[in-house]
Amino acid sequence: MNSQQLFDDLQQRGLIAQSTPLEALVERFATPQVLYCGFDPTAGSLHIGHLVPLLMLKRFQNAGHQAIALIGGATGMIGDPSFKANERVLNSAQTVQQWVSDLSQQITQLMTSQGENCASLMAVNNADWIGKINLIDFFRDVGKHFSVNAMINRESVKQRLARPDQGISFTEFSYSLLQSYDFAHLNREFGCALQIGGNDQWGNIVSGIDLTRRLNGVEVCGLTLPLITKSDGTKFGKTESGAVWLESSKTSPYRFYQFWLNSDDADVYRFLAYYTFLSTAEIEEIRQADALRAGKPQAQQILAEHVTRFVHGEEGLAAAQRITQALFSGDVSYLSLSELAQLELDGLPCVAASRTDSLLDLLLSSGLASSKRQAREWLENGAIRVNGERVQQEGGLSGFALFDRYYVLQRGKKQFALIKLEGLAE
C-alpha cells in the first residue's frame, strides 16, 4: 500500500478528524517514516477507547512505517486536563510506575501479536527524559515558547475556567508543555514526523508541532482520530458495568466478544471500518449480503471475531466462542476450568454456596426467581436445569459439580447463573 492509498483508506474509513495538510502528509509518507501516539497510565490496562489509536499505529506499521507507543510515566503523574470537567486525582509514583510497566507489556504484545517484526514497534516511557529535565532549563528553553494568552484561549481550558466551581491548577495547565516537549524529543532522537491522537488532543498536538519547529528547526505533522459515538449520539466504549478492558483479568474474552456481538445494526458497519483491517470493499460486500439475508446479519459476528482475535488471540477467541455455544445449547459440560472462570469473572451472575444450600434459595439469590413460590413453579414445570440436566427437586445441590466447584443454573433457554462452592482451595 503506497502513501496515497494509505491516506485514501483512512479517509474512506472515517478515521481522520483533523490533520495538518493531507497533501504534505501523503508526500512525507511516500518513504518510511516514524510516528507516535501517547498513552497515559490511568489504570493497569488499556480499554476499548484506546483501540482506534492502537489500530491506527498498526495501519501505519502495515504500510511500512515505524510506530512508537509512548507511555506517559511523567505526564501520567499530572493528568491531561483536556475537556475534563474536574481536576484529575493524582496517583502515587509507585502506582503509576506499575501501570507504565503493565501498559508497555500490553501494547507490545498487542502490536506484535500478529507476527510482525518487533523492530517496527518501539515502546518508550517519557519519564526517561522528562525526569532528567532541570526546572530552570525547562522554563528557559521550553516555557518561553508558550503564550499564556493562547493557552487559556484553548477551548479545553476555557470550558474548565468557565465553571465557577472549578478552576485549573498550574500542574494541569503545564501538561501541554510536557506533551509538546515529547514530540520535539522524539523528533530529535528518532526522526519522528507525525503524532496521532484523539480529537481532544488537537491543541496539544499543534503545540508540539510548533515547539518542534522552534527547537529543532523541523516541520512535523499531526493527525487526530474522531470521537467514536453510537448511532444515538452517545459515546461508544462503556457498558452499564463500566469500561471494557483489553486485559483478560479485568474483562474476560467472553464478555469482550459479547460486547462486539451485541453491536447495533446501525453501528456495526462503521465499527468494521474503525476496528478491523477488512478493506472498505469487503465491508461493503458484508453490508450488501446482510441486506439480502433473511434473519440476523453476519456483520456483528465478523466484527466480534476480528476484534477479539486481535486483542486476545486465536485461543481467546476460541474460548469465547465455546462459552457462547455452550450457553446457547445449554450443554456446559465441556467447558474448561479457565472458561468457567471467565463466566465467574463477568460472564454470569455468580453466587457463592455450599452443597447443602437449598436450590430454592439459590434460585432466589441468583435472581432466577423472585420468590420461593415462583422458584417452585419453575421446578415443577421442568424449567430449571443444573449443569444442563433438568432438575425438579427442591433440595440441596447434588450430582457432579464441574471441576468440583461450579454449577451452572439455567431457567428456560436464556437465563443463567453460576454457583461457586465455598471453601475450596484455588
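Note: Cβ is positioned from N, Cα and C throughout, glycine not excepted.
Of the candidate ranges 41-50, 101-110, 111-120, 151-160, Swiss-Prot annotates residues 41-50 with the feature motif ''HIGH' region'. Range with Swiss-Prot annotation motif ''KMSKS' region', chosen from 10-14, 195-199, 235-239, 390-394, is 235-239.
Sequence-distant neighbours of TYR36 (L-tyrosine binding site): residues of the same chain at least 6 apart with a C-beta under 8 Å from its C-beta are ALA67, ILE68, ALA69, LEU70, PHE183, LEU186, CYS192, LEU194, GLN195, ILE196. Between the binding-site residues TYR175, GLN179, GLN179 has the most other Cβ atoms inside 10 Å of its own Cβ, all protein chains included.
Taken residue by residue with DSSP, GLN179 (L-tyrosine binding site) is part of a helix. On the 0 to 100 pLDDT scale, the motif ''KMSKS' region' (235-239) averages 77 in the predicted structure. DSSP states for the motif ''HIGH' region' (41-50), grouped as helix (H, G, I), strand (E, B) and coil, give 3 helix, 1 strand, 6 coil.
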